[in-house]
Amino acid sequence: GIFSGSLCSSRCICSCQPHEQSYNFLIQSLESMVYASISSNVTLPCLVQHSSGMMSFGSNGMRVKWTKLGADESLDEDVLTSMGFHKKSYGRFEDRVFLQDTHDEDASLVITDVSMDDMGRYRCEVINGMEDTIQEWISIQTCRLNITIFSPPPGVVFPYSPPVGRYNLNFHEAEQACLDQDAVVASFDQLYEAWRGGLDWCNAGWLSDGTVQYPITKPREPCGGANAVAGLRNYGLRDKDTSLFDVFCFASALKGEGFPERLTYDEAVQACLDDDAEIAKVGHMFAAWKLQGYDRCDAGWLADGSVRYPISTPRKNCSPTEAAVRFIGFPDKSQKLYGVYCFKAQQ
């Protein structure tokens, strides 16, 4: 246990040519792959960006159509159509789907109470149906919806960057960085579950499959755009030797006991050793915070030279807005301003 002393984007630009005026649309799919679990709700993204003065698809004459694609065209299923205030869902999707419609350019589809039958490929299409225009479908890259059943092992995902600053780890260095914190590089499923649990982090990090992603629960401009849907932002596969990012690590459950200290970094390391313990690693702290509700409003040294403290119950002067592991930084190790977090495994 841990204790403390004093611690997928695709874009297609198309053009409609009316008799008197030209309308240019940018249709973009923010994700080419979307994941959901059974009985959950899922959003399939479809955003439309257009020039000022042009009609939105919410206006009369602009139509949105969602289709679930079959093995061939004869097996395609109509999911939903929308034109202005008139919306209709079809078949087994009736009363289970609707447009997210968070703004005039959002044609994203929300599917509720997801079942295994919903897995497959979907297409979002927009058509200009005005009488004085040439009717032309404007389509985007299809989205594939994967349905997964998660039984994740107990543990916690946490983002990690080295003392030299963010975006300084290639994949192999990221693996070692997680090992140094008694953790491993997180898998996609582990990061997805962490996102479902509320993890929101705007720095991209390596995952075990060699992709680089980051989880967003509160869309905002610096993190993919304020109008983007919540989810995992995916940079795709990157060169494991030359690409530099942070990393998402996964630490499993821990057990142990602890004692207090307040020392310089070197004194803190020795104090833990003197008590048959070791100075705690970042993975130890996140696991204790997430899995055991560890809460301590004292900043303390960790093995990587960082200073952090875990808050499970937000309160004044102690992470008042959210439960979190708070990060102070990598201070001068000769400073005697912080406590220490130690870890002793139960035998």
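Every residue, even glycine, has its Cβ placed from backbone N, Cα and C.
Small disclaimer: the values here were computed from a predicted structure and weren't measured.
Database features (TrEMBL):
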type: DOMAIN; residues: 18-135; note: domain 'Ig-like'
type: DOMAIN; residues: 156-251; note: domain 'Link'
type: DISULFID; residues: Cys202-Cys223; note: disulfide bond
type: DOMAIN; residues: 252-344; note: domain 'Link'
type: DISULFID; residues: Cys297-Cys318; note: disulfide bond
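Counted with DSSP, the domain 'Link' (156-251) comes out as 22 helix, 30 strand, 44 coil. Counting residue by residue with DSSP, the domain 'Link' (252-344) contains 21 helix, 25 strand, 47 coil. Within 10 Å of the Cβ of Cys318 (disulfide bond) there are 14 other Cβ atoms, across all protein chains. Mean pLDDT for the domain 'Ig-like' (18-135) in the predicted structure: 73.
Counting every protein chain shown, 18 other Cβ atoms lie within 10 Å of the Cβ of Cys223 (disulfide bond).
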